[in-house]
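Asks: Sharing the record's features from Swiss-Prot:
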| type | residues | note |
| --- | --- | --- |
| BINDING | Thr29, Leu30, Gly31, Pro32, Asp86, Gly87, Thr88, Thr89, Thr90, Gly413, Asn478, Ala479, Ala480, Asp494 | ATP binding site |
Amino acid sequence: MAKLVAFHEESRRSLERGINALADAVKITLGPKGRNVVLEKKYGAPQIVNDGVTIAKEIELEDAYENTGAQLMREVAAKTNDVVGDGTTTATVLAQALIREGLKNVAAGTNPIALKRGMEKAIKTIVDGIAEVAKPVEGDMIAQVATVSAGNDPEVGAMISEAMAKVGKDGVITIEESKSLQTEMEIVEGMQFDRGYISPYFVTDPERMIVQLNNAYLLLTDKKITSIQDLIPTLERVARSGRPLVIIAEDVEGEALATLVVNKLRGVLNVVAVKAPAFGERRKAMLQDIAILTGGQVISEEVGLTLEDVELTMLGEASSVTVTKDTTILVSEKGNKADIQKRVEQLKQQLAETDSEYDKEKLQERIAKLVGGVAVIKVGAATETELKDRKLRLEDALNATKAAVAEGIVPGGGVTLLHLASRIDALLPSLSPEEQTGARIVASALAAPVAQIADNAGAEGAVVVENVRAGDFNYGFNAATGAYEDLVSAGIIDPAKVVRSALQNAGSIAGMVLTTEALVVEKPEPKPAAPANGGMGGMGGMM
């Protein structure tokens, strides 16, 4: 495949055109009065969205050079979304401002490497400033953060605030699509995993097809149980105690399963068998989690235990067990609090060390199941288009809330960056002249989010920036009401982590674009001409 190569100014200008095409489509969504963008879909109805990263992912440009710029800009949004799940539009607006001013200076002959160095030093000063001014989240701030992030939707704010209050900061909140018009929340207490009963003959409530057991013993093993002989000593002990039994094993089959079913149907023993959750090493870890939560032991040959050795003291205990054909929920207060806390600390350590997004998600889920539970928000709406938009807003709000809990909050509406820009003046004397130019570019770009929020609200961006700059740190423009006020008192707050990530990712991409001297893209292949349609052949003569 042949390649096209562009150099110097030509390469940078092509990148800038692509960057502007994407940024101009994304930035109109910023703020409470941000506009919507309609995305055409190959199949189904067009999608109406107000979410920066979703718009960025849809943009592909015809010109290969310009498309490269658009893809770089998409990376800013995607990276910010991966780290904090919100702030993608702010990152895009900042990156566009940094690149626009930076390219003017590179074209005028400034050394791009020195320019980049100055920008990096200025951004570090601002990042340190964000950490200094951030305040911990307290009271109704969680609802305020969620409301702002969901595009000023107080209902969303209240729901996420309630979910956070119920499951705690280590809990897991998931967002699903609802079958109804209402948006509702469901709290799952205790430990839930995606494995149901092995046989429907175990059900205790035939109408709902579920198993409901109270004050049950739990036998946990990583073995496959096929012979009933292994289980007889345990079954006899549990039967004498008069309590139900839940068996969680790799599998229960053959003679063992048949005997358990017969005993259940005859009323000799109230029992249910469930396959252990997950696979391989993760299965062993999850069994251990269940054991710690229920005060039991995992019967495993790795620790020298077999099913014949089981005593009642080795079994876990649960105050309530609910098993459907797909899920199991265990509620137990029998676990040792110190052991549970130790296990949670261990999992948090693993969470800090892993780079895999999948592993992070699974570890976070395991922590949540140990400490408090899971909240499921089911999003409802009148049309599918509205449902998709509402779900995206809820996801943004949830991510912003988690970020606020992690690193605290700062005044919103873009004013934190605008007010911190003055700190760059103190940095200038220590920089070389060309580095100073880079630092000044950052200082002027920090006004871009405030200006864009004002423009989207129908105000004059440059005027708003000057008015806000004259006020104290919390003072800013409330685009929802058109008033200048103390934004923290008005509940307009941003998570510090979102503001920090947006600035760092914007600076990273801007630095790369400014130091680009050549651009290599694939040469588009000419489309083959459509073949001419042949005429119909004549009919042969009849004999």
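Every residue gets a Cβ built from N, Cα and C, even glycine.
Surface or core, plus neighbours and distances: that's what I need for these features.
Replies: Its own atom aside, the Cβ of Asn478 (ATP binding site) has 19 Cβ atoms within 10 angstroms in the protein chains shown.
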Asks: Note down the number of other Cβ atoms within 10 Å of the Cβ of Thr88 (ATP binding site), including every protein chain shown.
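Replies: Around the Cβ of Thr88 (ATP binding site), 31 other Cβ atoms lie within 10 Å.
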Asks: Tell me which of the binding-site residues Thr29, Thr90 sits in the most Cβ-dense spot, judged by other Cβ atoms within 10 Å.
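Replies: Ranked by Cβ atoms within 10 Å, first place goes to Thr90.
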Asks: Look up Thr88 (ATP binding site) in the DSSP assignment and reduce it to helix, strand or coil.
Replies: helix
Asks: Starting from the Cβ of Asp86 (ATP binding site), draw a 10 Å sphere and report how many other Cβ atoms land inside it.
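Replies: So the number of other Cβ atoms within 10 Å of Asp86 (ATP binding site) is 33.
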